[in-house]
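Working notes, beginning with the structure itself.
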Ligand SMILES: Nc1ncnc2c1ncn2[C@@H]1O[C@H](COP(=O)(O)OP(=O)(O)O)[C@@H](O)[C@H]1O
Ligand SMILES: Nc1ccn([C@@H]2O[C@H](COP(=O)(O)OP(=O)(O)O)[C@@H](O)[C@H]2O)c(=O)n1
C-alpha cells in the first residue's frame, strides 16, 4: 500500500509541531517530529562531551550509535543506544547547538534514511526544515508554516524556553546541505495572526485543495472544532464563566497550553490535579458550553444553595467515600455532559500531585467516554491552601491529549485491579503534562 506523507516545514516556533500534532490526531496519521531526531543526536554529542563544532568527532559518533525510531500509534518515539532522550531535548544547550550539528551532511544522511523508513509502515505528517524539499520531495501534500519573527520569539519565551530563534533560523537557512526553503509545490501559511484552531482549519483547507483524501482518513475527530459562536450558556452560568475568566486573565496572566486537545463535543470526563478553590472555574473556562462540577456539601447554604446548582455543581461529601456522587458522575456522563473530577479528592498541600483517592478509574471504565487529562500549575501559589489570600502568581493550564479507550481496553479495565490500572494510567497522563 502506498502511504501518504504530509510535509510541514518552517522556521523555529512557527507552529509546526502544534499543527502536525493536530493533523495527526484529526486525520489519523502518525506525527513525526524530525527536529527531535536532530535534537537527540545533539543531546548525545553533548552527553559524550564532544565539541559540537568538531565535525570529524560528531561523524565518528554518528557512525557508532544506534538510533531507534518508532511511534506509539500517533507520535514518533526515539531512543539512542537504548536511552529515551525526550526530556532533555528542549534544553538551552541543545537549542544553542542543534543547528551546528544538523548542518553536518553525515548526520543528515543517517536521519533522512530513518525518516523515510516511516513511510514503509504508516501514513505520516512529518515536520522539520527539509521534509518537502529533501525527505519527501514527491509528496503533493506540503505546507510551509511561517510567522513574524517577533511573534515566534514571543511564543518561545511564553513557553519558558531559552532559545534564540533568529540565530537558529539564519543558520538553518544558510547552510549548504538541505537548507530551510519553501519546497516546490508547498503552500505558505502565515500563522502570525491566526489562532491555533484557525491555523488548523486553514491547513485542512490547503490539504483538501492539494488533493489529500480527507474522507477516508478523517478518522479521529474527537476534539472537534471550537465553536466560533458566543458561548451557549444560561445567563447565571455565563456570568460566572465570564467574570472568572476575565479575573483569571487579568490577575494571573492565565495561559493555556494544548488548546488543540480540548474536546468540544460530546461527553468528556475531565481529570485534573487539584491545587486550589480557583480550579473549577479555571477548567470551566476552557469550554464554551456548560459543564458539571462537584462542590463540597457544606457550600450549599444561604446564597450557595441557590447559586451552586445554577453553576451545575453537585454536592459531594468530602469526609466519607461517596458512592452516590460517583454514580451521579457516571449518569451525567452517560447523559452527554462534560464532568470535572479531581482524582486526588483534596487540594494539594505542597504543590505536588498526590495519590488518587477517588474512583476515577471506575468512573472512566463504567462511563466509557473520552477522558481529558488536565494539569494546573501555579494556582497553589495564587491561592495557597489555608491562606485565603490571593497572590499575583501566573497560572498555567495544560490540556493533554484525550484518552479514548477501545472496546477491548474497556473490557480489560474491569474489577478492582482493572480500575486501579486505569486510575494509574489517567494519573500518569496528568503527571506527564
Ligand atoms: N497559530 C498559533 N497561534 C498562537 N500560538 C501558536 C500557534 N501555533 C503554535 N502556537 C504556539 O507557539 C508555540 C510554538 O509552537 P510549536 O508548534 O512548538 O512551533 P515549532 O514546532 O514550529 O517550533 C507553542 O506554545 C504553541 O502553542
Ligand atoms: N528536518 C529538520 C528538522 C530539524 N532540523 C534542525 O533541528 C533544529 C531543531 O528543530 P525543531 O523542529 O525541533 O525546532 P523548533 O522549530 O521546534 O524550534 C532546527 O533548528 C534545525 O537546525 C533540521 O535541520 N532538519
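From the backbone N, Cα and C atoms, a Cβ is placed for every residue, glycine too.
Those TrEMBL annotations? Automatic predictions, nothing curated.
TrEMBL annotations:
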BINDING   10, 11, 12, 13, 14, 15, 16, 17, 18  ATP binding site
DOMAIN    268-379  domain 'Phospholipid/glycerol acyltransferase'
REGION    152-171  region 'Disordered'
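Shown are the binding-site residues 14, 18; the one with the most C-beta atoms within 10 angstroms of its own C-beta is 14.
For the region 'Disordered' (152-171), the residues of the chain that approach it from at least six positions outside its boundaries are 11-15, 90, 92, 95-96, 98-100, 103, 180, 255, 257, judged by C-beta separation under 8 angstroms. Packing around residue 10 (ATP binding site) is summarised by its Cβ count: 27 other Cβ atoms lie within 10 angstroms of its Cβ, all protein chains included.
Other than 10, 11, 12, 13, 14, 15, 16, 17, 18, the residues of this chain whose Cβ falls within 8 Å of the Cβ centroid of the ATP site are, in sequence order, 19, 127, 145, 147, 152. Here the domain 'Phospholipid/glycerol acyltransferase' (268-379) has a mean pLDDT of 87 out of 100.
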